[in-house]
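Peer 1: This is the structure I want to talk about, given as structure tokens.
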Amino acid sequence: MGLSHSHSVETRELVEKTGFSAEQIEHLHKRFKSLSGDEPTIRRGHLNDISDLVLNPIRSKIIDAFFDKRNLRKGPSGYVEEINFEEFLIIMSYFRPLSQHMDEENISVCRTDKLRFLFNMYDSDNDNKITLEEYRKVVEELLSGNPNIEKEMARSIADGAMLEAASICVGQMEPDQVYEGITFDDFLKIWEGIDIETKMHIRFLNMESIPSCR
């Protein structure tokens, strides 16, 4: 995709689909070309080579998220082999900076979208539920990347997070219900009060240098 005047209609369509401005789309198109080596699609290998991801404790989950059909709005499960620029924009829209002019409804939609994306990262088997063990494992992986937290402490914090999640979920259940895992509604309750709208970003794609959405 070129971003010349002849592609203005295509750019407007991308603005409508992703919420990015034309300026932001141009910025991301340059980043896409840099990552893909000027190829029309990005594959896993392109993301594997990003230096900022090498030491990230959830590197594989981040890369998987770019090819997850759920995040690409292509189906309830499975992965694609490669993504084009429009699909790249769809994924990047989950990390879109908030605008100061967004109303409460749009902020709520943005928050839900971000949490759904995060839920999909935890829900590795695509069954619309997160087991407590899956949740504990990801929390531990996230903490393991912090040089100030020892492995045993990371495991202890992750265990605590798992127990807290269980208490929130089980507390909502009827007496005869069997606990099967964290649903998305449960996940929303667990993350209630956490400012995911501004904290969820992706540094290696230089999102912080992109102007806020209008």
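Placement of Cβ uses the backbone N, Cα and C atoms for every residue, glycine included.
Marked as N-myristoyl glycine by Swiss-Prot on the basis of sequence analysis: G2. The domain 'EF-hand' annotation in Swiss-Prot covers 110-145. As annotated by Swiss-Prot, Ca(2+) binding site applies to D123, D125, D127, K129, E134, with the evidence given as sequence analysis.
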Peer 1: Could you give me three numbers for the domain 'EF-hand' (110-145), the DSSP helix, strand and coil residue counts?
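Peer 2: Secondary-structure composition of the domain 'EF-hand' (110-145): 26 helix, 1 strand, 9 coil.
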Peer 1: Among D123, D125, D127, K129, E134, all listed as binding-site residues, which has the most CB atoms within 10 Å of its CB?
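Peer 2: Max Cβ neighbours within 10 Å, all protein chains included: D123.
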